[in-house]
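**Student:** Below are the features I grabbed from TrEMBL:
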| type | residues | note |
| --- | --- | --- |
| DOMAIN | 30-153 | domain 'Beta-hexosaminidase eukaryotic type N-terminal' |
| DISULFID | 65-112 | disulfide bond |
| DOMAIN | 175-492 | domain 'Glycoside hydrolase family 20 catalytic' |
| DISULFID | 285-336 | disulfide bond |
| ACT_SITE | 331 | active site, proton donor |
| DISULFID | 511-528 | disulfide bond |
């Protein structure tokens, strides 16, 4: 038989197996680290044949809840990756008849057909004991986070048997906004690459997909109102576009994983591809008093620009259910505006003098007011704040410039604005070695300001810009490096300051990502029990 003797509460075991004594240490970490996690050395065996998910009697959600019904099927396959129909009789080294194990899920409110939003409660409590686990949450989104944690607690021994230790978890996110940006303009990312990224995001408890869908190089979004934007602005009008059904599929895939989809239509700069399908939108540049044939940013001096933007934003509201929309506003070059005589006349008429930041402010204020009239919250890049624009108070500001972001956090929050931090998490920048440690060391609220100011930091996001990234290298460049920011945005900072202590958990989580089909790159020298096989 098999005798297990607890060695310590850190899951050391002395195993007496067929007369051989071995010392086994097993890390059963959860990534990101829960707020409170208590584990004992007591463990139970799980059998896929006798394992089930069920709804608690007092749960507001019951069978028929689209989000949780699908999650139960998904997590069964994740927890028991070797188990397929027809393998029920496969030999496993089990020393006794496996007992039933039931995961009971209870949520206080329904909302199975809704979308996650900025106010969604993602907290959960998980209690694992002999023969059962009880998961309680306020919402289905909290239940999803709890199911993810549960799935990471299950492990296999060398003989293929599944185990879980007695565990108590009380958990909730530190920040409400935990985002990841993908750029689908500089390189087109096929739909499957986006969906796989959403899967991996859910494994790390990210909850916002910031879709930087269009930019200078290409306009892959197929607009129903302005079809020529993608017909003429995409890399290819049929193969390199996102149709309306593609966008719906992304939004639904994200919803089922508790992830919001926030689209970005960046203007007035970063719009070269827009001009191909929307004549008259961009500013004609002049050289020597005559048009040069090139174009600059959106022309902010003519009415047709604002009519176009209003129609596009109305469509965006119709297509994307989230209450947030990112309006960009960064890196606007003023050279073309300066060269254009009509723009200069407009500046004079408006009393802007030669200060082109005032012209950009005029444009951005108009677009933000349009968004507010559509009952949407604007996110803009920090440039908009830096130009002293009159920004609606509920606008969210995003910091992307790397140097001195702490000073920017102080200034923005002092002005009463909510802020997202992205600057230290531009992980499209790569370097040799364990650069995840740089991301892990970030302290988003470490700036001079009051406690009220610090509460205005609503979260942050990892950015994966696409100059050198397409579907060939997206996944290994993102994972597991993005996981460092995921833990910083979810977990208690005081418990997760030491990257050396985090390393074994992250190493284990990286192996788990491989097992789940995510080609996460190695952290350092080592191996995984289940290596990526290259197929």
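Just so it is clear, glycine is given a Cβ too, placed from its N, Cα and C backbone atoms.
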**Student:** Out of 65, 331, 336, which of these recorded positions is nearest residue 528 (disulfide bond) by C-alpha distance?
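**Tutor:** Smallest Cα separation from residue 528 (disulfide bond) among 65, 331, 336: 65.
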**Student:** Helix, strand, coil: count each for the residues of the domain 'Beta-hexosaminidase eukaryotic type N-terminal' (30-153), based on DSSP.
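**Tutor:** Output for the domain 'Beta-hexosaminidase eukaryotic type N-terminal' (30-153) reads 31 helix, 35 strand, 58 coil.
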**Student:** Tell me the Cβ neighbour count for residue 285 (disulfide bond), meaning other Cβ atoms within 10 Å of its Cβ, over all protein chains shown.
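**Tutor:** Taking every protein chain into account, the count is 17.
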**Student:** Quick one, of the disulfide-bonded residues 65, 336, 511, 528, which Cβ has the fewest other Cβ within 10 Å?
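**Tutor:** Minimum Cβ neighbour count within 10 Å, taken over the disulfide-bonded residues 65, 336, 511, 528, occurs at 528.
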**Student:** In whole Å, note down how far the CA of residue 65 (disulfide bond) lies from the CA of residue 511 (disulfide bond).
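**Tutor:** Residue 65 (disulfide bond) has its Cα 31 Å from the Cα of residue 511 (disulfide bond).
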**Student:** Among the recorded positions listed here (285, 331, 336), which has the Cα closest to the Cα of residue 112 (disulfide bond)?
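**Tutor:** Nearest in space to residue 112 (disulfide bond), counting only the recorded positions, is 331.
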**Student:** Rank aside, I only need the closest one: which of the recorded positions 285, 331, 336 has its C-alpha nearest to that of residue 65 (disulfide bond)?
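**Tutor:** Going through 285, 331, 336 one by one, the Cα closest to that of residue 65 (disulfide bond) is 331.
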**Student:** Can you give me the average pLDDT across the domain 'Beta-hexosaminidase eukaryotic type N-terminal' (30-153), rounded to a whole number?
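**Tutor:** For the domain 'Beta-hexosaminidase eukaryotic type N-terminal' (30-153), the model's average pLDDT rounds to 91.
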**Student:** Looking only at C-alpha atoms, tell me how far residue 331 (active site, proton donor) is from residue 285 (disulfide bond), rounded to the nearest Å.
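**Tutor:** Counting only the Cα atoms, the answer is 17 Å.
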**Student:** Measure from the Cβ of residue 331 (active site, proton donor) and count the other Cβ atoms within 10 Å, all protein chains considered.
**Tutor:** 13
